[in-house]
Amino acid sequence: MSVQTSSNRPLPQANLHIATETPEADSRIRSAPRPGQDPYPTRLSEPLDLPWLNRREPVVKGEEADGPLSAAQLDTFERQGFIFEPDFLKGEELEALRHELNALLARDDFRGRDFAITEPQGNEIRSLFAVHYLSRVFSRLANDERLMGRARQILGGEPYVHQSRINYKPGFEGKGFNWHSDFETWHAEDGMPAMHAVSASIVLTDNHTFNGPLMLVPGSHRVFVPCLGETPEDHHRQSLKTQEFGVPSRQALRELIDRHGIEAPTGAAGGLLLFDCNTLHGSNANMSPDPRSNAFFVYNRRDNRCVEPYAASKRRPRFLAHEPDEAWSPDG
């Protein structure tokens, strides 16, 4: 794992902000939700008194005996909010996935569809969503017990695929993505109630420092950073290209990165990155000639299925947020 931090000095242990109610009963803005209110308020018109709120759910709900991850791996996930496993896939299995990815990205009938996201200034497909419904190859991978078992172990319950996609960042042209917490979006716009989801990203090309690898803030999963700005109508049409709403403040980012640093897992194709739904992450532009691609699956716990969105007028389309056991089709 290649590690990049914001400075070379030792990083102190975070002293998390404690979310407490303000003493004034009629306070204009509260520091924490009252009992019965949304525990993770976001897309606010005005900031809270604190830059973040404590996470309420445990990070790891299962134990070593519950799945393939070792006690050391579970401890790392608990502490950092992610783990990286090199050589999770290799050989013919990896080659078959690369071949399928290239075939899907070349589909002209996908171009212009709502589930196919192109570069902000171009026509090249950047992401294909609901890929486990578009491809039998990726459907088998999404439901592979090697992934499902890890998700079940971390979540402490039966998972289902909340979202799937393949991402492609072309050489010299692939744009970056702002810092964000996936849970903030899924809570605000999909109606995911609690932090019982985990993401699995399998790198299908070599990941190195210069081709825009995913960067994460270790330890950031332990707090929730409310974001400012009311969710625009059909926000997903813009946010999947360039996200402007649901982005933490620079103050909060500066404090969290100063305390925890930044890590960017790199390595050969076939590695698996598992990260908590609330871990802050982002990526730089691809400044190298080498493309970067990955397969991405989000596993949500079945008893945490989505309800009405907490900070949007309506839920996002189903290709972005699946229901358990649903049968989605690109043809509706």
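Glycine is treated like the rest: Cβ placed from N, Cα and C.
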Original post:
Which residue of H99, H281 does Swiss-Prot report at the same Fe cation site as H180, D182?
Top reply: H281
Original post:
Under a three-state reduction of DSSP output, how is H281 (Fe cation binding site) classified: helix, strand, or coil?
Top reply: strand
Subject >> Spatial neighbours of W186 (site 'Important for ectoine stabilization') that are distant in sequence (at least 6 apart) but have CB under 8 A >> reply: H162, M192, A197, C277, C306, A321
**OP:** For K169 (2-oxoglutarate binding site), find which of the binding-site residues Q163, H180, D182 come within 10 Å, Cα to Cα.
**Re:** none
Subject >> For the Fe cation site built from H180, D182, H281, further residues of that chain with CB within 8 A of the site's CB center >> reply: W179, S181, E184, T185, T279, L280, G282
**OP:** Based on DSSP, name the secondary structure state of D182 (Fe cation binding site): helix, strand or coil.
**Re:** helix
